[in-house]
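Quick look at what Swiss-Prot annotates:
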BINDING   83, 182  heme b b562 binding site
BINDING   97, 196  heme b b566 binding site
BINDING   201  ubiquinone binding site
TRANSMEM  33-53  transmembrane segment
TRANSMEM  77-98  transmembrane segment
TRANSMEM  113-133  transmembrane segment
TRANSMEM  178-198  transmembrane segment
TRANSMEM  226-246  transmembrane segment
TRANSMEM  288-308  transmembrane segment
TRANSMEM  320-340  transmembrane segment
TRANSMEM  347-367  transmembrane segment
């Protein structure tokens, strides 16, 4: 008798995705982040669901309802901080996952990669709207500043902003719709994740050598289920250390002050995981130019397959491009730092230099390095 997991219509799909899936025998811990992102998504949906049971999306009660969750609801403080810090862990895993894809040339799986970019945008939209919900000072002013950027769109900009606000400023209507969108988007993300996996399983996973691994495959279970479980254990340990010992370390103190439209905070800034993009936005003195640069800072990932010049897929055996990759990582850390600094000398200049080098490395230097490496290795184009 054949095992039920291979016969049952539903179990068969799960079996082919998580049990009998042929996986390369040499994928490293950098391939753990996909499953970690899945765990993060599950944590966020569950904690978010329980928060939504006690949260009210009205401007007069939103801040109080979050306070009520932390003080009066059983383990409400735990759920709230798991959700807030879970978002940070989500983005850490996300950045490492994308970085892995860039390093090992996984972007050559075009469909999987492009769905991943759509996922990244959806995640950023979800996180931004979630940050508005507690209705603290940074929630309100962050929402005002970021939504206002749409007014830079020629002709329809102002109308579009007022349409999103549901009025002439960020107010009750804005908060209510942001709550609605914040609730629905994670489920859209989940659907996109399924499509992401569907396309990945069409080709199979890439591996650290960047070479076809069809000749040497092993079953996903038990090898990678146990390996992923270790990753999950580390993720949960780090998350719980954050939640139980340093719950506010990644937040902004301004968000413990209720939203006040008459009082602007000294430095309006988003959550840490958006600071690199915020720095790129601020480095351009023109409003529309800044918005375009902001979008391009993520959308440029879609250009990676187009500017891949090397005959080799991964950076494993390509020292020049490797060096450029790590310079790019350092550059992103500099942008993150600059995004949290006030707009004054010398931060303006550093931000502009880092923004220019960010795009230059990806679009010009890395493709050039690929061509140089090929010629040095006598790979004829």
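Glycine is no exception: its Cβ is also placed from the backbone N, Cα and C atoms.
Where Swiss-Prot records a feature, it is marked here on the structure.
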| residue | record | Cβ within 10 Å |
| --- | --- | --- |
| 83 | heme b b562 binding site | 21 |
| 97 | heme b b566 binding site | 20 |
| 182 | heme b b562 binding site | 21 |
| 196 | heme b b566 binding site | 21 |
| 201 | ubiquinone binding site | 14 |
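Stretch with the most C-beta contacts under 8 angstroms to the transmembrane segment (347-367), considering only 77-98, 178-198, 226-246, 320-340: 320-340. Taking the Cα atom of each, residue 182 (heme b b562 binding site) and residue 97 (heme b b566 binding site) are about 23 angstrom apart. Residues 29, 32-33, 35-36, 39-40, 43, 78, 81-82, 85-86, 88-89, 93 of the same chain sit 6 or more residues outside the transmembrane segment (226-246) yet have a Cβ under 8 Å from a Cβ within it. Contact between the transmembrane segment (288-308) and the transmembrane segment (33-53) is not supported: fewer than 3 Cβ pairs lie under 8 Å, counting only residues 6 or more apart in sequence. Looking only at Cα atoms, residue 83 (heme b b562 binding site) sits nearest to 97 among the binding-site residues 97, 196, 201. Looking at residue 97 (heme b b566 binding site) and the residue listed as 'ubiquinone binding site', their Cα atoms lie 17 Å from each other. Secondary structure from DSSP puts residue 97 (heme b b566 binding site) in a helix.
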